[in-house]
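One structure below.
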Amino acid sequence: MRFATWNVNSLRARRDLVALWLNEHQPDVLCLQETKVKDADFPEELFEENGYHVAHWGVSSWNGVAIAARQPLDNLILGVVDDSEEARCIAADIDGIRVFSVYVPNGRALGDPHYSYKLEWLEALRARLSDEIQRRPLLVAGDFNIAPTDDDVYDRAALEGATHVSEPERLALQRLLDLGLVDCGASAEDTDSNFTWWDYRQGAFRRGMGMRIDLVLASRSLSGEMCSFQVDRLTRAAPKPSDHAPVIVEF
DNA sequence: ATGCCTGTACATTACAGA
């Protein structure tokens with residue numbers, strides 16, 4: 001199975017690139033984040049014309065998550081807290097696997113209310129996953145907005161006091177892994193090659209100033225069947241790119 | 001210290017993103 005996740009930073013702005021990418025890479029499952037469309041405006045035909053089932057959750061022009069898959073999506077869940085939350089999580093059963101597409105809150109700054117919200121959201125996700133993982137194999141993929149270790153950022157010193165690298169965020173991620181999930185991108189020999197996000201500014205991509213924040217977490221049984229892991233940096237180098245690269249994992 | 005760039009809507013400026 002070819003599994004992928006991609007924060008597209010607006011599906012409306014990225015529509016043509018997503019269509020090209022689907023045809024070139026032919027994933028069996030694709031998790032999307034930051035679609036930035038309401039459900040009523042979601043371009044289902046973009047996926048259906050290319051042979052995919054698709055489920056989306058978007059309540060405004062911000063956030064928004066989706067899962068597209070060759071096989072049907074069953075037992076959909078929207079969100080991890082309650083109906084009033086932002087559209088940051090969608091889950092579905094696909095061919096016997098429970099798939100989560102997640103867009104973890106950014107946090108903005110240490111001490112910002114949004115930072116507390118990020119930690120609370122991660123704890124709510126953990127509570128949900130602790131229940132789910134006992135039932136079936138899990139794949140939890142998306143933009144976690146956390147760099148798991150100092151090796152996952154271009155310059156740790158430059159990020160002192162910033163979000164994405166703080167201990168509380170990393171502990172919240174570790175609590176997810178402690179449920180029995182494996183970070184599929186953690187074991188690369190050249191960690192720079194696993195960066196998944198580069199700022200649009202300052203030529204950050206060209207200069208290698210990135211972070212690994214888009215993750216694929218797999219149940220142990222599934223992680224043992226992983227046969228390849230790849231960050232598609234070519235797509236970050238395309239014209240009009242998202243600031244995130246797709247991540248592709250084969251099982 | 002700030003903006004750099006990109007996309008969004010209460011749009012020609014402010015904001016969020018990471």
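Placement of Cβ uses the backbone N, Cα and C atoms for every residue, glycine included.
Annotated features, as they stand in TrEMBL:
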DOMAIN    A:4-244  domain 'Endonuclease/exonuclease/phosphatase'
BINDING   A:Asn7, A:Glu34, A:Asp143, A:Asn145, A:Asp243, A:His244  Mg(2+) binding site
ACT_SITE  A:Tyr103  active site
ACT_SITE  A:Asp143  active site, proton donor/acceptor
SITE      A:Asn145  site 'Transition state stabilizer'
SITE      A:Asp214  site 'Important for catalytic activity'
ACT_SITE  A:His244  active site, proton acceptor
SITE      A:His244  site 'Interaction with DNA substrate'
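This view paints the features noted in TrEMBL onto the structure.
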residue  : record                                  : DSSP (3 states)
A:Asn7   : Mg(2+) binding site                     : strand
A:Glu34  : Mg(2+) binding site                     : coil
A:Tyr103 : active site                             : strand
A:Asp143 : Mg(2+) binding site                     : strand
A:Asp214 : site 'Important for catalytic activity' : strand
A:Asp243 : Mg(2+) binding site                     : coil
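The two recorded residues A:Tyr103 (active site) and A:His244 (Mg(2+) binding site) have their Cα atoms spaced 12 Å from each other.
If you measure from the Cα atom of A:Glu34 (Mg(2+) binding site) to that of A:Asp214 (site 'Important for catalytic activity'), you get 12 Å.
For the domain 'Endonuclease/exonuclease/phosphatase' (A:4-244), the predicted model reports an average pLDDT of 95. The distance from the Cα of A:His244 (Mg(2+) binding site) to the Cα of A:Asp214 (site 'Important for catalytic activity') comes to 8 Å. Cα separation, A:Asp243 (Mg(2+) binding site) to A:Asp214 (site 'Important for catalytic activity'), rounded: 11 Å. Distance noted between the C-alpha atoms of A:Asn145 (Mg(2+) binding site) and A:Asp214 (site 'Important for catalytic activity') is 7 Å. The residues near the Mg(2+) site, meaning same-chain residues not in A:Asn7, A:Glu34, A:Asp143, A:Asn145, A:Asp243, A:His244 whose C-beta sits within 8 angstroms of the mean position of the site's C-beta atoms, are A:Asn9, A:Gln33, A:Tyr103, A:Trp197, A:Ile213, A:Asp214, A:Ser242, in sequence order. Least packed by the Cβ count within 10 Å, out of the binding-site residues A:Glu34, A:Asp243, is A:Asp243. Sequence-distant neighbours of A:Asn7 (Mg(2+) binding site) (same chain, 6+ apart, CB under 8 A from its CB) are A:Leu32, A:Gln33, A:Glu34, A:Tyr103, A:Gly142, A:Asp143, A:Trp197, A:Asp214, A:Ser242, A:Asp243, A:His244. Most buried of the recorded positions A:Asp143, A:Asp214, judged by other Cβ atoms within 10 Å, is A:Asp143.
If you draw a 10 Å sphere around the CB of A:Tyr103 (active site), it holds 25 other CB atoms from the protein chains shown.
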